[in-house]
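First comes the structure, then the notes that go with it.
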Amino acid sequence: MAATATFGLRYIPSNSWLHKFRTRTSIRTRSFTTLASLSPVEDTEDIQLNVIPKEVPGTNNNNDKSNKSYFPKRGQTLELVCESLAFKGKGVCKVADTGFALMCDRALPGERFIGRVTRKKDNYAEAKKLKTITPHTDYVEALCEYASHCGGCKTQNLLYEAQLKAKEQQVRDLVVHVGKFSDQEPEFAGAMKPIVPCDIQFHYRNKMEFSFGPKGWVPAEQLQEKSTEGCVYALGLHAPGFFDKVLNVNKCLLQSDPANEVLAIVQECWRDPELGLSPWNVHSHSGFLKHLMLRTGSNVETGLPELMVNFVTSSDNPEYLKPLVEKIATISEVVSIVNNVNTSIGNTSVGEKEYTLYGKSTITEILRGLTFQISANSFFQTNTRQAEILYKLIEDCAFLKGDGSEIVLDLFCGTGTIGLTLAKRVKHVYGFEVVAQAVADARQNATLNCINNATFIEGDLNKIDSTFASSLPKPDIIITDPNRPGMHIKLIKFLLKLKATRIVYVSCNPATCARDLNYLCYGVPEQNIEGHYRLSSLQPVDMFPHTPHIECVCLLELR
């Protein structure tokens, strides 16, 4: 767990009502820089949650029983007003007439509602929304019937322009309060760019994974409406916060129409007793079907969609799937049906064995003029169309000369997509990635596209030593695209010692991105580490509409 769970941090959201608290309270704090240097932040929710002070402004601590307790009790029902959205899409809410703040899932800006306190920590609380009194600002009707209960599209009933505004503000707040960049300085004002919207807000995902379960989960408010008899055996998405509860889903508006057609066929027939198929039970560790993964690509010649269907099963019996395969194969877009066998008790979708049951073992996708082979377990950008825009922004930030003289170091390279899109304009690309299969895919993708100036190396960037990359030429440009925990302090030290001219930092987590930008620009005084970069550009990108996820492309230039 992250070190941040223990200490209160110095991050205060930009809301004016919270700014008033800052001068009236003394919160036990410790430098975010110190904390993050001890351990990478893995659960960055605490960065935004550990902000609540200990007393209510304008009240005193006498024994006046008319005063409401600053910390409500667990289980207490309160009237709340949502002020803004925090990271992970939770609403920052305050108790009416007191100013006490809580975090509430699915609460949206301007909404007044009744909530129940569900959890308390040292200096904040969480609540569950029970009933809306006044709808939120910019309310729109959600198109998906599951939007209120599925964990995927938490903000689908918030106007898209309002979603963008909230995400952009989250990035700005985190970079200011966690990254310690001053929003009063012209340099930062010039660096912070408006968020790039996503032109397509539905059907943009090229990969969806659905889970099988022994009993369908029904929201509490629907228990009286739906018979429990219809809830036996489930195929869908996990209920938010539960690993063992599956919400039946017949159609997902985020995936392609052919993928929804496959989902409908599977839903229609997999429960047939004659097929003898049983869902995986995570408690008893029994059952056959674990997951249904659907991936959509593009035919290189025609540009038409092509679909891969992957059944993840608990045992090595692909023949059991034959009736399903025969039905699914009638869909023209389906070009690949595979079976990954995962015999572990875990709930992952990567198998120890893989069988090709129909068609080919891979599908293809085209990204920035390159062709990529995608296997069942390959990593690939989930929103292909928006990835085109993201990668163009990365290339623009790299400021390549185009004369084939530059060396690019591609860190956390995955299957090599970023490095390969740059390779034809540089001398050489060196990519590092810890996942062996991703490295193999990167090498295959280089061969497929006749790229000979890209080298991909397997290695854990969280465990580097003083000899890391010592045999490689010094890079002119570094691309780093870490996962949610951000970069380890060892890698930060390496980059600061290397002093490449430019670093393009691609982030899927603005909280850890802000921390790492702080390190690279201002150093870590507690460890006598000096920063050497200035933040020249910070570009938020909305890759996943209706979700709390935010991508950022940052340009750092050597001072």
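Placed from the backbone N, Cα and C atoms, the Cβ positions cover glycine too.
Neighbours of C508 (active site, nucleophile), defined as other CB atoms within 10 A of its CB across all chains, total 17. Residues or ranges marked as active site, nucleophile in TrEMBL: C508.
Spatially close to D481 (S-adenosyl-L-methionine binding site) yet at least six residues away along the chain are L411, F412, C413, G414, I418, V506, S507, judged by Cβ distances under 8 angstroms. The S-adenosyl-L-methionine binding site annotation in TrEMBL covers Q381, F412, E433, D481.
The domain 'TRAM' annotation in TrEMBL covers 71-131.
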What's the CA-CA gap between E433 (S-adenosyl-L-methionine binding site) and C508 (active site, nucleophile) in angstrom, rounded?
17
DSSP helix/strand/coil residue counts for the domain 'TRAM' (71-131):
3 helix, 34 strand, 24 coil
Could you tell me the maximum Cα-Cα distance in Å between the residues recorded as binding S-adenosyl-L-methionine, namely Q381, F412, E433, D481, rounded to a whole number?
16
Rounded to an integer, what is the Cα-Cα distance in Å between Q381 (S-adenosyl-L-methionine binding site) and C508 (active site, nucleophile)?
12
Hey, for the S-adenosyl-L-methionine site built from Q381, F412, E433, D481, who else sits with CB inside 8 A of the CB center?
F379, D410, C413, G414, T415, T417, I418, P482, V506
What is the total of other Cβ atoms whose distance to the Cβ of E433 (S-adenosyl-L-methionine binding site) is within 10 Å?
26
Restricted to the domain 'TRAM' (71-131), the mean pLDDT of the model is 85
